[in-house]
Protein chains: 2
Amino acid sequence: MSGYNVAVVGATGAVGSRFIELLENEAAFPIKSVKLLASKRSAGKQIKFNDQMLTVEETTPESFAGVDLALFSAGGSVSAKFAPEAVKRGAVVVDNTSHFRMDPDVPLVVPEVNPQALKRHHGIIANPNCSTIQMVVALEPIRQKFGLEQVICSTYQAVSGAGQSAINELYKESQQIINNEPVSPQILPVKGDKKHYQIAFNTLAQIDVFENEDYTHEEWKMINETRKIMETDDLKVTATCVRIPVALAHSETVYFTTADKDVTPDDIRTVLQTAPGVVVEDDPKHQIYPQPVNAEGKKDTFVGRIRRDMDNKGAFHMYVVSDNLLKGAAWNSVQIAETLHKMDLIHPAN
Amino acid sequence: MSGYNVAVVGATGAVGSRFIELLENEAAFPIKSVKLLASKRSAGKQIKFNDQMLTVEETTPESFAGVDLALFSAGGSVSAKFAPEAVKRGAVVVDNTSHFRMDPDVPLVVPEVNPQALKRHHGIIANPNCSTIQMVVALEPIRQKFGLEQVICSTYQAVSGAGQSAINELYKESQQIINNEPVSPQILPVKGDKKHYQIAFNTLAQIDVFENEDYTHEEWKMINETRKIMETDDLKVTATCVRIPVALAHSETVYFTTADKDVTPDDIRTVLQTAPGVVVEDDPKHQIYPQPVNAEGKKDTFVGRIRRDMDNKGAFHMYVVSDNLLKGAAWNSVQIAETLHKMDLIHPAN
C-alpha cells in the first residue's frame with residue numbers, strides 16, 4: 001500500500017483532535033499509516049481513527065523512524081526538541097507552534113497566499129498564528145488587485161486558542177457567574193504568566209506575554225508574520241489583540257488602505273467573492289454578516305461588513321471570522337501537507 | 001425645604017435604576033422630591049428611595065407639572081412625546097435617548113468635554129451614546145494638548161446597552177449552551193429588527209439598525225456625536241460596533257493620530273493621568289489593563305494599552321473601558337444635571 005506514514009504530535013489536544021478528524025475525512029493525499037504522539041502523561045490513551053483504535057505513544061526521537069510527514073501542535077518547546085529529530089529521520093514537519101515561524105530558513109505558509117514558499121523548505125514548514133492566517137486570506141486578494149498600504153486590526157479572539165483547558169475554564173466560570181458563585185481563574189490570559197483573570201462575561205486585552213514597546217507577543221506575531229507571509233516588508237501592519245468569552249472562531253475588525261484610491265466597496269466584494277478560501281457574508285439589508293457560531297467547524301474564512309471610511313479615499317473596513325482551530329491551525333496545516341504532496345515535496349522513506 | 005422636584009422617566013429600566021441609586025447617593029444638587037415615571041404596564045410598582053417607598057406612576061403630560069428636572073431614559077418615542085411636554089411645564093430635560101441628539105438646538109454634552117454647550121439649552125439637553133461618551137472622555141484631553149486628526153474605533157459592547165431584557169437573554173442563552181440545549185434568541189442584536197441571533201459565546205457585528213453606506217445607526221452615532229461634542233467638524237472619525245457576550249461595561253480599541261508628530265506614549269499617559277473622569281490602568285509588566293469586570297459599577301473611564309503604531313509617527317493605540325450604564329448613561333446625565341445646577345441653569349418652579 002502506497003502513501004505517507006503520518007505522525008500527529010500533540011494528538012490529545014484541541015488542535016490534535018482536529019488533525020485526526022481531517023486526516024480521516026478530508027486530507028487530499030494518500031495515507032499509509034497514522035501514529036499518534038503526545039506527552040508521557042497522555043501515552044496509552046486510545047483514539048479511534050477510521051475503524052481502528054490507535055494507542056497514543058509518548059513522543060521520543062525514535063518515534064519518527066519511518067515517518068514521512070509529521071504534524072506538530074504540542075507547544076513550542078516540544079517542536080524545538082523533536083521537529084529536528086523528525087527531520088533528521090527523513091520526515092517533513094508542518095509545525096503549528098510559533099517556534100520556527102520567524103526563522104529565515106523556515107517557510108511560513110498559508111496555501112492561498114504563498115504556496116511558492118514551500119519550495120524553499122529544509123524539512124520544517126511553519127503554520128502561522130491563527131489570527132494572522134484568517135486576516136491574510138482576506139487581505140491577499142485585495143493586495144494583489146489594488147495594492148495595500150496599511151492594515152489596522154482589532155481581534156475578538158476565542159479562548160480555544162489557549163487550548164481545551166481554556167474552553168473548560170470559560171464554561172466553568174460562566175456557570176459560576178450565573179450561579180452567583182466566586183470564580184478562580186487559573187489559565188487565562190496566559191497560563192504561564194503571573195496573574196490570571198476571569199474571562200467569562202469579560203474582555204482581556206492580553207493574548208500571550210507582553211514584549212517590547214508594550215505590544216503582546218500575539219500582536220508582534222500579527223505584524224511580523226503578516227509581512228513574512230505576504231512577502232511585503234514595507235506593508236504597515238498594526239494590531240490590538242483581545243480575548244473575549246467565545247469558545248471557537250476568532251472575529252477581527254480589519255481596517256485597510258489600498259494603493260489604488262478609486263476602489264469601491266463593491267470592487268472589494270467582487271474580488272473576495274472569487275478568492276480561494278473566502279466566503280463573503282455581507283448583506284446588511286438581510287442582517288447577514290459573519291458570526292463565530294456560524295464559522296465553527298467550517299474551513300473557510302468569512303468576510304462581511306465591507307464598507308468605506310467616509311473620510312479617506314481608498315480606506316475600508318471589513319469583519320473577518322474563521323474557526324481558529326481549523327483554518328487557524330489544523331486545516332491550514334493539512335492544506336500545507338496537501339500542497340507539499342501536489343508539488344511532490346514529501347518523499348516517502350520507503 | 002429648598003431643592004429641585006426631579007422626575008425619572010423610565011424608572012423601572014436598567015438605566016432608570018441607576019438614576020435612582022445616583023440620586024440617592026451621589027447627586028451634588030439639592031433634591032426636594034423625586035417622582036418615578038414609567039409606562040402604564042409598570043405603573044403601581046413600588047421602589048425604595050432612601051427611606052421611603054415610591055409608587056411608579058404612568059407618564060402623562062400632567063406628570064411634569066411642578067417638575068424642575070426630568071431625567072429621561074425610556075426610549076426615543078417616549079422622549080419625542082413627553083420631553084416637550086415637560087419643557088412646556090417649566091422642566092429642564094436631560095434625555096438619554098438618541099431622539100434629540102443631532103438637533104442643532106439641543107446641546108449634546110459630556111461634562112468633562114463641552115460643559116459650555118449647556119448655556120445654549122432651550123429646555124432639552126441630550127446625553128450622548130454610551131460608546132461615544134467613554135471615547136471622547138479619553139480623546140478630548142489628547143486633542144486639547146496635541147491636536148487630533150483621525151480616530152478609528154472598534155467596540156466590544158456589553159448587552160446591557162440593549163436593556164435588562166438583553167442581559168437576561170445573555171445569561172439564559174449561556175446556561176442553555178452549557179446544558180447543550182437549543183437557544184431561541186428574541187432580543188439581540190436589535191429587538192425591532194427582523195432577525196434575532198445568539199449572543200452567548202458569539203459576536204454580533206450589528207448594534208442598532210443598518211443605515212446608509214452599510215454603517216449601523218450605532219456607528220453613525222459614534223461618528224456624528226463625536227464631532228458635535230468635540231465641536232470639530234473636520235475630525236476624521238470612523239468605527240465598527242460589535243456586541244459581545246459581556247453584561248456590563250463597553251471595551252473599545254481606539255487608534256488615533258495626533259497633529260503633533262513628536263508625541264510619545266508617555267506624553268499621552270501623562271495627559272490622561274490628570275484628565276477629569278479618566279483612570280489610567282496601564283502597566284503591562286504587572287498585567288494591568290482595563291477590564292469590564294473591574295469597571296462595572298464605577299463612574300470613571302479606564303484607559304490602558306497605550307502604545308505607538310511602530311510604522312507611523314503620531315499614531316497610537318489605546319484601550320478604553322467604562323460602565324455603559326453609568327458614565328455611558330445615568331452618571332453622565334446626573335453630571336449634566338449637576339453642571340446645570342452649578343451654572344444656575346435650572347430654575348425651580350416654586
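Counting starts with 1 at the first residue shown.
Cβ coordinates are placed from backbone N, Cα and C, and glycine is handled just like the others.
Keep in mind that this is a model prediction, so the values were computed, not measured.
With a 10 A radius on its CB, A:C130 (active site, acyl-thioester intermediate) counts 28 other CB atoms from all the protein chains. Look at A:C130 (active site, acyl-thioester intermediate): DSSP puts it in a helix. The annotation active site, acyl-thioester intermediate is assigned in TrEMBL to A:C130.
The active site, proton acceptor feature in TrEMBL is assigned to A:H250. According to DSSP, A:H250 (active site, proton acceptor) is assigned to a strand segment.
The phosphate binding site annotation in TrEMBL covers A:R101. Sequence-distant neighbours of A:R101 (phosphate binding site) (same chain, 6+ residues apart, CB-CB distance under 8 A): A:L108, A:A126, A:P128, A:N129, A:K221, A:E225, A:K228.
Residues or ranges marked as domain 'Semialdehyde dehydrogenase NAD-binding' in TrEMBL: A:5-121. Helix, strand and coil residue tallies for the domain 'Semialdehyde dehydrogenase NAD-binding' (A:5-121), in that order: 38 helix, 32 strand, 47 coil [DSSP].
Taking the C-alpha positions, the distance from A:H250 (active site, proton acceptor) to A:C130 (active site, acyl-thioester intermediate) comes to 8 Å. Just so you know, the Cβ of A:H250 (active site, proton acceptor) picks up 31 other Cβ atoms within 10 Å once every protein chain is counted.
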